[in-house]
Amino acid sequence: MVEYIVTVHTGFLASGSTINNINIKLVGTDGESDHTWLTPWKIALTFVKGLSFYVSCPTSLGKLVLIELDKQRLPLFPDDAWFPAKVEVKSPEGEIYNFPIYRWITDNEVHQFREGTALRVFDDTHHLGRYSRQQELKQREEEYRWDAYMEGIPHGIKAEDLSSLPCEVRFSFTKETEFAFTASIGMTELELKGLSASEEPWTNVDDISQVFYNKWTPVSEYTQQHWKEDAFFGYQYLNGVNPVLIQRCKVLPGNFPITADKIFLHGHCKLTDEMQKGNIYLCDYKRLGGLQANTINGKKQYLMAPLVLLQKTPDDKLMPIAIQLKQNPADDNPIFYPTDSEYDWLTAKIFVRSADFNEHQLNVHLLRTHLLAEVFAVSLLRNVPMIHPLYKLLIPHTRYTLHINILARLRLFSETGVFTQFASSGGEAMTTFLKRSLSEMTYTSLCIPDDIAERGVEDVPNYYYRDDGLKLWDIIYKFVEGILGHYYKSDAEVQQDTELQKWTSDIFEHGFLSQANTGIPQSLTTVAQMVKFVTMMIFTCSGQHSAVNSGQYDYSGWMPNTPTSLQLPPPTRKGTTSEATMLQTLPDINATAHGLAAIWLLSKQSSDFVALGQYPDDHFSEEVPCKMIQSFQGELEVLSEFIKARNKGLEVPYTYMDPKEIENSVAI
């Protein structure tokens with residue numbers, strides 16, 4: 001007889017242990033063990049550290065291929081769920097085999113789990129391995145089904161509610177409890193203040209500060225103090241929550257007829273000369289043009305599609321120099337300049353900031369991070385088995401994404417959702433805008449090095465999103481190149497990997513609706529192409545999401561800086577604005593309260609936050625990938641220290657691309 005030492009680890013989750021009987025069978029190339037029952041009370045105590053058991057066999061089983069686990073209820077005891085993290089097996093020959101699991105077992109069926117060495121489909125030559133691979137994907141296709149829940153936008157997971165999701169992709173007990181508690185205390189505070197139900201307009205701008213005044217951050221306080229300033233207005237295009245709209249302007253758009261004698265340029269120079277020098281920048285909200293604005297509290301709202309021209313000044317500030325609030329030039333669509341009256345200019349900037357809120361929330365945040373991350377996750381879970389190196393590399397970057405997106409559909413974007421009820425682009429406009437945004441999305445815009453070059457913003461000063469983002473992209477790219485280069489030695493191997501190719505084609509079909517003009521790969525033909533595509537996915541789910549999500553409360557906590565909606569039309573001629581008209585234009589009290597409650601909730605970091613590059617689940621077991629992970633973590637640490645040192649000298653620190661502040665996945 002020979003003995004195998006089996007060590008079972010239970011995940012560090014509430015209710016992760018079980019008092020049910022656990023049955024295990026070892027399967028190797030030369031045979032398989034009998035079913036062995038593991039002592040129930042020991043399993044109940046197997047929490048994180050793991051406990052060991054012996055499995056006896058007449059002879060050696062050869063190289064272990066897989067294990068089988070099932071859970072059976074004991075008489076007089078309830079049937080409960082179990083979350084095994086991994087199983088380690090030491091063979092009589094001294095070999096250590098790792099079996100990563102990281103999923104809930106809730107039924108009494110037999111489940112197979114593969115040995116942890118990463119294998120592509122054409123490496124998996126053992127008949128038992130191929131069979132288990134096929135069975136796993138067959139089950140996953142049933143669990144993770146596509147759903148075209150809104151025409152013209154990326155498909156998502158088919159799930160009516162959170163209970164429809166497989167257990168392993170839901171929030172942890174800790175995350176779910178904290179999320180519900182945070183939402184509850186936020187709304188309770190607003191109800192007690194009488195703000196959440198008031199449909200009255202604000203009558204004093206200082207009164208707006210009573211909404212969540214006790215939850216302000218240093219940056220939101222700075223925003224309240226500086227929101228009227230042109231320099232801060234321009235700064236937000238570089239380092240606010242929408243840092244991807246600004247582009248260099250070499251020729252004025254035909255629909256932006258700026259009069260040279262009316263525009264004021266810093267440095268006493270000509271506009272044409274400044275454009276030739278690369279000092280003029282444009283922000284064009286054309287995607288918002290022609291949308292039917294929402295009705296809130298029975299009142300028609302207004303949503304503009306502005307054009308904004310900015311100048312890089314000799315002292316390296318980015319200053320707005322002209323604003324047109326509608327796309328088509330007309331006598332009743334004046335161009336506003338900083339030399340206009342105080343409230344004419346401020347009102348024009350408020351309309352721009354409100355447009356920026358809607359462009360940011362629906363396109364930059366929802367579509368380009370949340371919805372794409374869901375596509376990446378569903379395609380991975382449907383098409384790539386756990387044993388595949390791509391699965392091991394990408395699964396940490398899908399954590400909680402399906403859960404948070406279903407919550408968003410139910411609580412933000414449904415007919416009764418906060419965004420639908422209180423944002424000017426909620427309702428009918430939202431669908432139209434999302435379709436429009438997806439049809440214009442390109443692969444290059446999702447890859448920050450290409451996007452920076454395409455927008456011509458390589459040398460605009462004080463652009464910390466760009467500086468930190470490019471460094472982060474390079475670190476992720478090097479890590480992905482190392483991991484995937486360890487498994488793929490030639491372009492031919494990429495082309496032969498049917499699971500990799502199906503993952504890619506599903507993303508093209510369900511994420512980008514088979515639109516070839518996006519430039520998204522329909523298949524992968526080279527190692528370099530694969531590395532870039534996977535880097536884009538990881539960057540989108542981590543750094544890019546952090547850049548457009550984490551600062552929401554910083555820049556929107558003071559509502560006049562980022563109004564969710566506006567209640568008066570834009571001025572059709574100059575000299576008609578005042579503080580009173582500004583207050584009448586801003587959202588009502590209840591719209592302000594509900595909007596800020598949602599933004600505050602979505603800016604809160606959970607206590608089970610997992611930072612970029614941290615992998616509490618051991619999916620990789622081989623020595624080389626594990627060393628690459630350590631090197632990746634080291635480079636992220638260096639970048640984090642660099643950013644912290646730089647921020648000490650900044651009036652407004654830029655933290656959203658600090659690896660220690662970036663979550664591995666779209667989890668909030």
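Heads up, the Cβ atoms here are built off N, Cα and C, so glycines get one too.
Taken from TrEMBL as is:
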BINDING   Asp80, Ala81  Ca(2+) binding site
BINDING   His365, His370, His545, Ile668  Fe cation binding site
DOMAIN    2-119  domain 'PLAT'
DOMAIN    119-668  domain 'Lipoxygenase'
SITE      Trp104  site 'Essential for stabilizing binding to COTL1'
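Within 10 Å of Ala81 (Ca(2+) binding site), judged by CA to CA distance, lies none of the binding-site residues His365, His370, His545, Ile668.
The separation of Trp104 (site 'Essential for stabilizing binding to COTL1') from His365 (Fe cation binding site), Cα to Cα, is 31 Å. Taken through DSSP, the domain 'PLAT' (2-119) splits into 6 helix, 56 strand, 56 coil. You'll find the Cα of His545 (Fe cation binding site) roughly 28 Å from the Cα of Trp104 (site 'Essential for stabilizing binding to COTL1').
Compared over the binding-site residues Ala81, Ile668, the count of CB atoms lying within 10 A of a residue's CB peaks at Ile668. All chains included, 22 other C-beta atoms sit within 10 angstroms of the C-beta of His365 (Fe cation binding site). Sitting within 8 Å of the Cβ centre of His365, His370, His545, Ile668, and not among those site residues for Fe cation, are the Cβ atoms of Leu366, Thr369, Ala373, Ile404, Val548, Asn549, Leu602, Val666. A mean pLDDT of 95 is what the model gives for the domain 'Lipoxygenase' (119-668). Across the fold, the C-alpha of Trp104 (site 'Essential for stabilizing binding to COTL1') and the C-alpha of Ile668 (Fe cation binding site) stand 22 Å from each other. Each residue contributes its Cα atom, and for Ile668 (Fe cation binding site) and Asp80 (Ca(2+) binding site) those atoms are 29 Å apart. Sequence-distant neighbours of Asp80 (Ca(2+) binding site): residues of the same chain at least 6 apart with a C-beta under 8 Å from its C-beta are Ser15, Thr18, Ile19, Asn20.
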